[in-house]
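Asks: Can you read through this structure? Questions will come right after.
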Amino acid sequence: MSSKESDISLSDMVDALTATFADAHHGDSDEQLAKALVFNAGRLAWRMRESGVSTDFKTSISDVVTDADRAAEQFVAGVLDALRPEDGVLGEEGAQRASKSGRTWVIDPVDGTYNFTSGSDYWCSALALVEGEPSDPERLILGAVHRPAMGYTWCGGPELPTTIDGTSLAELVDAPSSHLSLGTYLHPHWLDDDQVRGAWQSVVTGFATLRMFGAGSVDLAGVAAGELGVWMQHTVADWDWLPGKALVEGVGGTCIKVEAGGVVWCVAGNPQAVAEVADTLKAIG
């Protein structure tokens, strides 16, 4: 089979899956639809990886995209076109539709693609629903994250208490940074930037321990679940920030952006620890 025939076959398969799913979920609430979408997108990517996927590079050798990313995004965007035609769509792999309702679904079909291509289980499918522009939403309605390897699906938002597989998570309680783990990521080339490296180091040295896993939405789900204390990363795309931000805010956490070292840092966790991180970053400016 030629590459072109294979691509057509995959596209047809995704279209058939989309039509079947849309028919079965036409009456879903936003919450129900979000959970079902990330579950099925994640399972689609998982099954495709088992059969072998092709990989392309975007901005660097660690910034990759696979045909599983594209197929999963095609599925989610196609379902939303059928079931939420007035809503906007913004996907990491290029899916885009202007909103007529004022709402937009922000899609990350495979978050942690480098992990995904390396055979790691630390990746997920994620999405968020917002009112207003995704870059500065007036309201974050919900976020949903599915981690196929564990079978977990998280869903929540500022007005929707966060759950894992339908079970409510406990509210985050205040604790100092010095007692907590920090989930973070800093690309190696930023280590040569004195300002960025300095801002990052000023924060990480205040924590009890450091974790760097490479999938922001899984990390943020871990913050919501109390498995990680705080999460911090700079220059974060909307699809990498909003789904997990919703989960953290759904358990009473604080999620902010702070400019320091010439970049904008996203920080999420319990209110006390986030305030400490913010103070450290603001002191650098």
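Positions of Cβ are set from backbone N, Cα and C atoms, glycine also.
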Asks: Among Glu92, Glu131, Glu259, find me the residue TrEMBL lists at the same Mg(2+) site as Asp108, Asp111, Asp240.
Replies: Glu92
Asks: Report the residues of the chain - excluding Glu92, Asp108, Asp111, Asp240 - with C-beta within 8 Å of the mean position of the site's C-beta atoms, for the recorded Mg(2+) site, in sequence order.
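Replies: Here the nearby residues are Ile107, Pro109, Val110, Ala126, Gly216, Ser217, Ala237, Trp239, Pro243.
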Asks: What does DSSP call Asp108 (Mg(2+) binding site) in the simple three-state scheme?
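Replies: DSSP assigns Asp108 (Mg(2+) binding site) to strand.
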Asks: Quick one: among the binding-site residues Asp108, Asp111, Asp240, which has the most Cβ atoms sitting within 10 Å of its own Cβ?
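Replies: Checking each of Asp108, Asp111, Asp240, the winner is Asp108.
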